[in-house]
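What Swiss-Prot says about this one:
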- Cys51, Cys54, His55: heme c binding site (BINDING)
- 1-20: signal peptide (SIGNAL)
Amino acid sequence: MNAPPDFRRAASHALWLALALTFACPLPGLADEHPDARRQAQLRHLLLQDCGSCHGLRLTGGLGPALTPEALRGKPRESLVATVLMGRPQTPMPPWAGLLSEDDAGWLVDRLIEGEIAP
């Protein structure tokens with residue numbers, strides 16, 4: 001039994017749209033760019049000063065939870081990046097999307113997970 005021509009046309013269009021979107025949208029992690037050295041210094045300062053004001057000057061916790069590698073272990077990177085960018089509603093955690101790009105937030109999260117930012 002053959003499908004009606006309208007169904008085949010719609011299915012064909014849906015397939016082409018899916019393929020186009022697959023190649024037009026970068027895969028997570030492939031488009032990430034590391035900030036340049038100047039921006040990295042700014043991000044380190046922001047992390048230690050602004051984030052540290054709630055997460056503790058040593059990032060071991062305070063008003064907000066600890067941001068140590070041990071505390072972040074097992075948490076999905078994408079979830080941590082989303083928290084940085086979007087904040088946490090009903091908590092003191094503000095959204096930083098107005099000041100940070102997704103690459104900036106990803107770079108910060110990666111540094112925290114690896115323990116590469118120490119006060």
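Placement of Cβ uses the backbone N, Cα and C atoms for every residue, glycine included.
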For the binding-site residues Cys51, Cys54, which Cβ has the most other Cβ atoms within 10 Å, all shown protein chains included?
Cys51
Counting every protein chain present, what is the number of Cβ atoms, excluding its own, within 10 Å of the Cβ of His55 (heme c binding site)?
23
What is the set of residues, excluding Cys51, Cys54, His55, whose C-beta falls within 8 angstroms of the centroid of the C-beta atoms at the heme c site?
Asp50, Gly52, Ser53, Gly56, Leu59, Gly62, Leu63, Gly64, Leu67
